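Participant: Take this structure first; my questions come after.
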Amino acid sequence: MARIGIVVSEFNYDITYLMLQKAISHARFLGLEITYVFKVPGTYEIPFAVANLLKRNDVDGVVALGAVIKGATKHDELVASQTARKLMDLMIQYGKPVGLGIIGPGATRMQALERVEDYARRAVEAVAKMINRSKSLEEKKFAGETVFIE
C-alpha cells in the first residue's frame, strides 16, 4: 500500500478544510495510506512541509492543498507560481511525486469553492498514479521492445 502525506494551508481554511476532507476520502477510496497531515499557515509555507515529508522513509508521495484567492495586487500570482515551481524542484530532488492541489492564482472565493473537489481529487490521483508508475518502472527492463509505463 502506498503511503502519502498531505500538506494543507490554513489560510482560506474554509476552502482548504473542504479540500482536505475530499483528499482524505479519495485517498482512502484509492487504497492509499495517509501517514501524515501537515498543516501550514499559508500556501507559501507548503514547500517547507513537503520537503520535510519527502525526506521520510514512510512517505511515498505528498499531496499539497491550498487556495490562493485573487486580491487587489499580484501577490496571488507570486505566491502560486513560486510555490508550484518549488514543488516541482522538490519532486526532482527527492524522486517522489507531489500532487499539486493549489487553487489559483486569479480565483475568486466563489470559483475556489467550486473547484474544491476537483483540485483535491486530481492531486490525490496524480500522486497515486505516479507512485504506482514509478514502482512499475523499477520492475521493468528494456528487452528490445518499447516498455509502456501506465
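Backbone N, Cα and C atoms are what each Cβ position is placed from, and that goes for glycine too.
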Participant: Please state which member of PHE11, PHE142 Swiss-Prot lists alongside THR43, TYR44, GLU45, ALA67, VAL68, ILE69, LEU100 for binding 5-amino-6-(D-ribitylamino)uracil.
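Facilitator: Candidate in the recorded 5-amino-6-(D-ribitylamino)uracil site: PHE11.
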Participant: For a quick check of understanding: given the listed 5-amino-6-(D-ribitylamino)uracil-binding residues PHE11, THR43, TYR44, GLU45, ALA67, VAL68, ILE69, LEU100, what is the maximum Cα-Cα distance in angstrom, as an integer?
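Facilitator: Of all Cα pairs among the recorded 5-amino-6-(D-ribitylamino)uracil binders, the widest measures 16 Å.
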Participant: CB neighbours of THR73 ((2S)-2-hydroxy-3-oxobutyl phosphate binding site) within 10 A?
Facilitator: 8
Participant: Nearest of the recorded positions to PHE11 (5-amino-6-(D-ribitylamino)uracil binding site) by CA-CA distance, picking from ALA72, THR73, HIS75, ARG115?
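Facilitator: Closest recorded candidate to PHE11 (5-amino-6-(D-ribitylamino)uracil binding site) by Cα: HIS75.
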